[in-house]
Amino acid sequence: MKSLLLLSVLAALAVAALCYESHESLESYEINPFLNRRNANTFISPQQRWRAKAQERIRELNKPPYELNREACDDYKLCERYAMVYGYNAAYNRYFRQRPGAK
């Protein structure tokens, strides 16, 4: 009985030691993950924002044809399902290519 009491006291101390909450966790942003607009804009300078937007526009304009075909296919559910089985190239050809003689 004495050993059971000693074991339970040791277990309680172990639980208390392992479950101790330090003050470091209170300093993190996990408590409030959402920032207001003013604080959110301080992370990236306007110069970096402008450069990122310009690079994104350039990437959108210079996409290879297979990427454009894939995006068109992703927007159409039947084409996307067909692509999962036969590939995006075959799916795009089936649903979006002009057929000979068709207008």
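Start at 1 and count along the chain as shown; that gives each residue its number.
Just so you know, glycine gets a Cβ as well, placed from its N, Cα and C.
When the candidates CYS19, CYS79 are compared with Swiss-Prot, only one is recorded as disulfide-bonded to CYS73, and it is CYS79. GLU71 (4-carboxyglutamate) falls within a helix when secondary structure is assigned with DSSP.
The Cα atom of CYS73 (disulfide bond) lies nearest to that of GLU67, taking the modified residues GLU56, GLU60, GLU67 as the candidates. Comparing the disulfide-bonded residues CYS73, CYS79 by how many other C-beta atoms lie within 10 angstroms of each C-beta, the top residue is CYS73.
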